[in-house]
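As annotated by TrEMBL, domain 'VOC' applies to A:11-148. Per TrEMBL, the feature Zn(2+) binding site maps to A:Glu79, A:His108, A:Glu144. Per TrEMBL, active site, proton donor/acceptor is recorded for A:Glu144.
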2 protein chains.
Amino acid sequence: MPRTAETASFQFNHTMVRVRDAESSVKFYTEGLDVLLFAEKNMGNFTLYFLAFDQGQNYKDISEEGKSQALFAREGVFELTHSHGTETDVSFASHSSGNSDPGKGFGHIAFTVDDLGVKIKKRLQDGKMKHIAFIMDPDGYWIEVVANGLKQ
Amino acid sequence: MPRTAETASFQFNHTMVRVRDAESSVKFYTEGLDVLLFAEKNMGNFTLYFLAFDQGQNYKDISEEGKSQALFAREGVFELTHSHGTETDVSFASHSSGNSDPGKGFGHIAFTVDDLGVKIKKRLQDGKMKHIAFIMDPDGYWIEVVANGLKQ
């Protein structure tokens, strides 16, 4: 069905998960998966990290002023929320990935890639889904890696 | 930093959450938020529902054969997983939204819109974030609705 004029602007902008140790998580995504750390906003007790792949937006040429607008005018943004102090709080339990209690809640995020090869440390599943790998981030969140161009 | 040739294809393709009652959830997203139900895949014990806004892809003109490829060649896809039977299982506890135990796990997904007006039943937050609303889906997952073009 066609979208209405009223909803034609709608975009699925971002997904937010909380992380225990921002430094480890940001490093994992930016160095391990080559996601750009687009913006970092210190909100006082917590800091927000906005990650996104540069899909031709040429973010390096965008002013700081224009960055926030650009951030909310696209899909595929991943937001990490870090409550200050959790990274050194030894009594702080690990984050729930959503998958320790099967069948409930959050499941995973997924990246598509052209080649399920180098760079990503992967664990291919057996059986019929050989084009999919799952990796875990520092908090244990599941990341599905799907080879682009292949059918699920 | 520039993306490497190796990772230039990477996209943040989708986010998956589990739902208790697929019919209610699909209706909420397709009728309430005008997201397109792009594909529905019955996997035996569970069914996957892939939702995405049509951002000029003209999905209505794409063959069934081409749909899976199109689905994984973009960002902003939202996947619902429904384990068959949970919708009528009275002993089945509600899904965890990730926000009942503050500070842990999954937080929310977010849609950007041009106008925080009609169509979406919203609850504007007080204070400094008047351009943001949060709504809840049938499982209690939080959906942030951000007015496009405004800075966070």
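Glycine is treated like the rest: Cβ placed from N, Cα and C.
Positions of TrEMBL features highlighted on the structure.
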residue	record	DSSP class
A:Glu79	Zn(2+) binding site	strand
A:His108	Zn(2+) binding site	strand
A:Glu144	Zn(2+) binding site	strand
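For A:His108 (Zn(2+) binding site), the number of other Cβ atoms no farther than 10 Å from its own Cβ, over all displayed protein chains, is 20. Note on the domain 'VOC' (A:11-148): mean pLDDT across this stretch is 82. One residue stands out among the binding-site residues A:Glu79, A:Glu144 for having the most other Cβ atoms within 10 Å of its Cβ: A:Glu79.
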